[in-house]
Amino acid sequence: MSPRQLIPTLIPEWAPLSQQSCIREDELDSPPITPTSQTSSFGSSFSQQKPTYSTIIGENIHTILDEIRPYVKKITVSDQDKKTINQYTLGVSAGSGQFGYVRKAYSSTLGKVVAVKIIPKKPWNAQQYSVNQVMRQIQLWKSKGKITTNMSGNEAMRLMNIEKCRWEIFAASRLRNNVHIVRLIECLDSPFSESIWIVTNWCSLGELQWKRDDDEDILPQWKKIVISNCSVSTFAKKILEDMTKGLEYLHSQGCIHRDIKPSNILLDEEEKVAKLSDFGSCIFTPQSLPFSDANFEDCFQRELNKIVGTPAFIAPELCHLGNSKRDFVTDGFKLDIWSLGVTLYCLLYNELPFFGENEFETYHKIIEVSLSSKINGNTLNDLVIKRLLEKDVTLRISIQDLVKVLSRDQPIDSRNHSQISSSSVNPVRNEGPVRRFFGRLLTKKGKKKTSGKGKDKVLVSATSKVTPSIHIDEEPDKECFSTTVLRSSPDSSDYCSSLGEEAIQVTDFLDTFCRSNESLPNLTVNNDKQNSDMKTDRSESSSHSSLKIPTPIKAMIRLKSSPKENGNRTHINCSQDKPSSPLMDRTVGKRTVNNSGARKLAHSSNILNFKAYINSEDSDIRETVEDVKTYLNFADNGQI
């Protein structure tokens with residue numbers, strides 16, 4: 001392979017585009033995307049494109065760079081120990097997600113264990129961005145004068161991925177002053193690094209676990225947070241209190257998380273608190289950002305009405321697909337209240353409140369299915385059912401009122417326990433072309449009933465995996481770190497991680513770093529194999545960008561129009577029975593519970609086949625083709 005050029009970085013001046021190779025040898029299988037490859041209609045629509053929340057953020061990139069620059073440090077490599085990066089000694093894996101994975105590490109300067117989130121700049125999954133998104137972004141960059149030469153699809157996706165990371169770091173840098181938010185320490189990057197390294201505080205118990213054999217089981221993780229008299233209700237109340245404080249802080253900062261779920265809530269044994277993590281999908285109110293734009297408020301409202309997050313945790317006001325007559329979301333902070341309600345319901349009932357065989361059936365149930373039968377007079381239970389999971393957003397409790405209820409022990413609701421809002425029992429139906437189309441499909445398929453005890457199969461597919469809990473010494477000694485942390489073997493009854501693997505090699509993520517330092521060994525190991533090995537470890541339920549995500553069914557219905565790479569399978573075809581990470585199942589008694597969620601909600605085996613309906617000779621079905629086209633436009637653009 002010929003010498004490689006500089007790789008784009010979080011801080012653009014570290015690797016100016018003029019010094020970068022736009023087409024690399026490992027990307028020759030993917031033809032470059034050029035303006036001539038686009039249709040005239042696309043060029044026309046681009047010239048008339050409305051400003052968006054994303055484009056306004058892009059136009060103010062210098063302000064964002066000024067805010068994140070103090071937290072981004074250049075990578076250096078020790079010439080004696082290849083298992084270190086800067087001051088961090090890297091240890092065992094702590095889990096993986098759709099876009100990267102986390103390693104346990106020890107900071108010699110801080111004298112404590114930290115978490116290092118490693119995000120490859122080149123997306124693992126080529127389906128992460130559609131061809132339309134990539135072409136639109138290239139055209140935008142050209143129109144702004146940011147690029148002057150043709151660019152390959154892979155190079156464009158790399159830059160888009162870096163922008164996504166930049167936004168997440170920007171958000172995390174503004175949210176560092178609350179104990180219930182995972183604290184950003186710093187980020188590491190280099191023009192020779194294939195990955196971005198985000199360093200945060202270590203949460204020793206990992207992601208919030210909720211799936212258990214029996215509804216009344218108490219998970220070992222819970223007992224380390226609630227020390228005395230731990231029960232399902234006391235633990236759920238603890239999570240509610242901690243998350244309420246976290247959301248109150250986000251509200252004060254003008255931040256809407258948009259992806260609250262168990263896998264984005266981390267538990268720390270030392271502080272005995274739950275913390276919110278992963279701000280890649282969040283947005284900030286225009287008033288809270290350090291720049292302004294005449295179109296910002298309108299763009300913000302349009303962004304709020306895009307489906308972002310994990311299907312089972314999405315609020316009903318976002319589930320009205322295809323109805324473009326009005327915006328259903330006016331208070332973005334109540335999206336987070338609903339998602340928190342779903343999370344608490346999972347803890348209380350050991351199941352999701354709404355789930356279907358595919359995401360559209362899930363959306364249908366979120367809108368239509370009532371939870372009134374779950375009201376039982378219990379204060380915590382009814383607070384969750386009647387106030388957090390209130391379908392009518394105008395009646396759903398606000399974060400300010402939730403704080404008051406928890407701090408003053410106010411009554412849950414002025415209404416009788418046996419009552420529930422009319423919107424929850426008989427929600428208003430808003431007919432649109434997409435809703436009409438899927439209504440027909442679901443009618444033809446026939447609805448399948450799921451009994452309470454038959455929930456396990458669906459529930460596991462509906463949840464994201466849980467980061468393993470890893471024990472460390474409270475005061476780890478630097479000299480014996482390799483034995484106390486890097487080679488630790490936690491109690492198998494408490495943890496589900498594969499911890500016997502070797503420490504990560506920095507050479508897997510740095511390309512020809514030694515070209516600028518002859519005293520260092522040659523570090524030219526490519527990380528493609530590492531990325532390939534980790535592809536099956538990814539969670540498929542997270543957002544794909546800071547501003548918009550394509551759900552798996554959207555990726556599926558694009559059919560032939562997605563970027564392709566040799567050796568890559570679309571995530572729709574991934575095996576659902578194969579574990580999604582090297583995490584091991586936790587054995588409880590004679591039964592096994594896998595809180596890692598090997599199968600994901602969106603990867604339903606009975607996902608809808610659009611081609612079968614489009615190609616059908618049935619006249620009734622063919623009438624829906626226009627509705628399909630309407631949805632395809634919605635899937636790519638977030639609007640009709």
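Cβ from N, Cα, C; glycine included.
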Legend entry - Among S143, S152, S498, residue with annotation phosphoserine (source: Swiss-Prot): S152
Inset, instruction - Report which of S54, S107, S519 appears in Swiss-Prot with the annotation phosphoserine. - result: S519
Inset, instruction - Select, from S424, S497, S516, the one residue given the annotation phosphoserine by Swiss-Prot. - result: S516
Inset, instruction - For the ATP site, Swiss-Prot lists A94, G95, S96, G97, Q98, F99, G100, Y101, V102; sort out which one of K83, K112, K117 goes with them. - result: K117
Legend entry - ATP site span - longest C-alpha distance across A94, G95, S96, G97, Q98, F99, G100, Y101, V102, K117, in Å: 14
Legend entry - Distance, D259 (active site, proton acceptor) to S96 (ATP binding site) (CA atoms, angstrom): 17
Legend entry - recorded positions: A94, S152 - member with fewest neighbouring CB atoms within 10 Å: S152
Inset, instruction - Report, in whole Å, the straight Cα-to-Cα distance of D259 (active site, proton acceptor) from A94 (ATP binding site). - result: 21
Inset, instruction - Using all protein chains in view, find how many other C-beta atoms are within 10 Å of the C-beta of D259 (active site, proton acceptor). - result: 27
Inset, instruction - Whole-number Å only: compute the distance from the Cα of Q98 (ATP binding site) to the Cα of D259 (active site, proton acceptor). - result: 14
